[in-house]
Every structure is written in structure tokens, then in C-alpha cells.
Amino acid sequence: MLLTLIKKEIIQFFRSKSDVIIMLIFPVILIFVMGKSLNGLMGMEKDIFNDKIIYYRVNAPIENEQDLQRFYDFMIHFEKNTNVKFIENSNYNEATRDVNNNKAICFIDIYDNDINYFRNEKKESTESKVFRNLYEQYMKKYTFLQSIYKSNPQQIKNVLDYEIKIFLINEGINAKEVNSFTYYTFAILVLIILYISSLTSTAMYKERFLHTMTRLKVSNTKKINILLSKIALGIIVGVLQIIIVYISSTKFLKVNWGENLPYIFMVLMSLVVFSSVLGIFMSMIFSDQKTAYTVNNILIIIMGFLGGSYVPMCLIKSVRVTSFLAQIMPSYWANISLLGLSYNVQTKYYIISICISLGLSVLMLIIGNLISKLKVGGSFD
């Protein structure tokens, strides 16, 4: 019976020309348009630190050399991986004036047991926001690694140099291979996968409209089969999306997906499952289809934005609020995982992405089932 239900869902999907165009053809067009139109923006972000200056000052005496060493390590690794220049400047007024006039990104003032970060007082530049975010990430990572490699300080330096490269690739900065087509191939694929939730949600409401659920219950078909058939529909559509985008991006846009295709596929498929379940979850908690459609689309827009599908990731991470919100979104982890994997950067982000997507899927099914049972009769109808 389950196979019959899945077959019915597939037939209904391909009968709808609009669904086929939006879910399978539109992604390729959108990748081309976004990649072409925002190529200049991505180029700007890649070279955002070219010939930029960062002032710093060390105020003696420094008894706690740990913080000072941490800053020097950051400076060495950052200069090595970007074209930014760190210049020591003991004149506080001159340094802050240049920062306020956007002649320098920032002024880092180092005291014993304290580091002051001075930025433009009126309007902080984009490169300053991006640098500040990277600087904060590095410092947090340094403290964590220091507790692990106490007996091997050299290992810290090797790991942190690698971490800087990871940060820059994830932000889409200063990596020669990162271009708009590469970035938006994954960003738009993540976005369009999220729209599978609209497909599965609509399919659930169709069952109500046609009273199929009632008839199927009479014929002893379990509720779980209906849910599985919708998830299967989402998975099949997701697989088709991935295959079409992979072929078109590699053949026509010359995008290199790297050597980690199995991991990339796992990340994408876990996101497909999440999106499929999200649509079912919407139908479980909202009786009105229009309300579910509106809420679902708002969520997709938010997840797409925070996941870097509309603007480069470095702009999202440059603002504290959006940077925090992004890290609780499955779309964010999927996007940075795909970028890292495509450039053969070995991180654990793909594991985090898979766990978040599948974990949220299970949570939504549990909560949705509890809510549906609280409704009158515990039924879809």
C-alpha cells in the first residue's frame, strides 16, 4: 500500500506543470541569474581586505603575555592568508582618526589582561564588520585549542593557520576558486530544497480536501504510510533537484564540486528530509492551509536569508544578531558545509549539518503528532 501511495504522489507531482518548472527547472535558471548578476559583489567580497590597514598598539608593561601571544598569532596567520597589513601605531589620536575616516579597518589597543577594539564611531565599514567577526571567531577558537594542546604549542599554530583558511572560505573571502557561480550553486540549491516543504504541505492538505485520509483509514491503511508517502515524495523531488543542479552546474557553469561528493550528498539529503518533514509539520499544527502556507514561506525566506542564499555569508556574519540566528538554522550549516566540502576542507561542519537537519525532523514529527492528537478526534480531517 505504501508503494501505491508513493506512486500516486509522483504521478500527481508530474501532472502539475507549475510544480515541475518551479522545483526542477527554475533552480538552474536562478543559479545562472544570481551567479551572473552578483559576480561583481562576490569579487568585491573575495578581495575585501586587499591593501587594507589595521592599526595596533602594545601598551607596556605586559605581564600576561598569553593575550599578547594570542594576538600576534592571529596577526601572523591573518597576514599570511590575506593581503591586509598590520601596522603598529603608538599615536592613539592618529590611529582612531584614520579609523573614523575609513583609512584603516580598526585600531586594536592591547593592555595587560585587556584588549580594546576601536572601530568607526559613526558608520562601520563592511570590511570592519567582517574582520571583527573573524577576529572574535579566532579568539574563541584559540582559547578552546589552548586547553587541548597545552603540551604542544606548535600544534596550536598549525591548527589555527588551517582554521583561518576555513573561516575565509566559509565567508567567501580571498579564496581564488570561490566565484559567484560556485557560491550560488550551493546557496540556491539549499534554498530550493527548502521549498520542498511547500510541496509536502500542499500534498497533506489535498488529502483533507479529497477526504482521502478518511477512506484510507477505513481500508486499514495506517497514518504512518500517508506521512511516509509525503516524505518519499519530498526525497524523490530532492534527488531530482540535486542531480539536475549537479549536471547543469558542472557541465555548463564549470563548477567543481570537489572530491567529497558522498558527504555533500549526505548533507543535501538530510536537508531534503528536514524540508519534507517541515511541510508535514505545518499541516499538522495549522488547520487553515493559507495560514500554513504563509508561515511556511516566511520561514523559508528567513532560513534562506540567514543561510546566505540571498547575500554572501560574510555580510550575514558581520552583524551580531544575524550571526547568532544563522547558527541555529539548518540552511546555514548546510551551506557552509557544502562550501567547505567542495574545496576539500576537512571540517566537522557536515556532521553538525546532518545532525541538526535530522534532529529537527524527528522533533517536528514528535511535536506535530502530539498537537494533532490534541485536536478534535486526533485526525487530519
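Cβ coordinates come from backbone N, Cα and C, glycine included.
Summarising the annotation, TrEMBL assigns domain 'ABC-2 type transporter transmembrane' to 17-367.
What TrEMBL records for 20-38 (among others) is transmembrane segment.
If you look up TrEMBL, you'll see 181-205 (among others) marked as transmembrane segment. Outside the transmembrane segment (181-205) by six or more residues, the chain places 9, 12-13, 19, 22-23, 26-27, 30-32, 34-35, 38-39, 42, 172, 230-231, 233-234, 237-238, 241-242, 245, 249, 253-256, 268, 271-272, 275-280, 282-284, 289, 292-293, 296-297, 299-300, 303-304, 307-309, 312, 331, 334-335, 338-339, 342, 380 with a CB less than 8 A from a CB of the stretch.
Counting same-chain residues at least six beyond the ends of the transmembrane segment (226-249), those with a Cβ under 8 angstroms from any Cβ of the stretch are 2, 5-6, 8-10, 13, 23-25, 27-28, 31, 181, 185, 188-189, 192-193, 196-197, 199-200, 203-204, 207, 213, 216, 255, 257, 265, 268-269, 271-273, 275-277, 279-280, 365. Per TrEMBL, transmembrane segment is recorded for 226-249 (among others).
Here TrEMBL flags 261-286 (among others) as transmembrane segment.
Here TrEMBL flags 298-318 (among others) as transmembrane segment.
Summarising the annotation, TrEMBL assigns transmembrane segment to 324-343 (among others). Tertiary proximity for the transmembrane segment (324-343) is limited to same-chain residues at least six positions away from its ends with a CB under 8 Å from its CB atoms, namely 166, 169-170, 172, 175, 177-178, 182-183, 186-187, 189-191, 194, 256-258, 260, 263-264, 267-268, 271, 274, 302-304, 306-309, 313, 316-317, 349-350, 352-353, 356-357, 360.
Per TrEMBL, transmembrane segment is recorded for 350-371 (among others).
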Exercise for review: Determine which recorded stretch among 20-38, 298-318, 350-371 has the most C-beta pairs below 8 angstroms with the transmembrane segment (261-286).
Suggested key: 350-371
